[in-house]
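Written below as structure tokens is the structure these notes are about.
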């Protein structure tokens, strides 16, 4: 009786966790590992290009590194796991140090999401190659499954980050790109409401009816991108 009750309690506890997290609780290790890699490369890309374009700020703040500790926000990671949307520590950039502030600002903003686009495609290529060349032959079924699940999440999460970050709402990269594209007067008007951006995103994410007509359809654009990645990767090896 005691053992059955214990198993029941554990089952109920796991079910309650499943209702909290957006992803299956037993697959959270894969999600966390993928996010650490994806967010680290994303923020490093911002920092690296800003530094190469003449801004020493990221270098001085220790951001031109692939060390995850320098980039990961624990709160942002937690929210990503719970809500499917989160953040890393933003890279501080002084655009006035660029020779062409607006053009280089657009490039610096775009390379973050683009790095996730590239990682997603590489994940699809590695997945297809692992099947074609039998990289997991001789592995235990559990280890082979773990690799394939990791690669599936690696592809999905990186494409999601690519699409998500191009949404033109502050503090996302899409907003910074829009900001640099607009003429000065329009930019100044936009900056007046910039501080509301984070709260707008939270409202759109956590109110289901709004999510279904705003963020949801936008993130849905990741599906055809993933499908194309898989098609291209398969053509390379099959």
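Including glycine, each Cβ sits where the backbone N, Cα and C put it.
Remember, TrEMBL labels are computer predictions, not curated facts.
Sequence annotations record features per position, and here TrEMBL assigns transmembrane segment to 30-51 (among others).
Per TrEMBL, the feature domain 'Peptidase M50' maps to 31-207.
Summarising the annotation, TrEMBL assigns transmembrane segment to 71-91 (among others).
Annotation source TrEMBL lists transmembrane segment at 103-130 (among others).
Summarising the annotation, TrEMBL assigns transmembrane segment to 150-172 (among others).
Per TrEMBL, transmembrane segment is recorded for 193-211 (among others).
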Which one, 30-51, 71-91, 103-130, 150-172, has the most C-beta pairs under 8 Å toward the transmembrane segment (193-211)?
150-172
Annotated stretches the transmembrane segment (103-130) and the transmembrane segment (150-172) touching (3 or more Cβ pairs under 8 Å)
yes
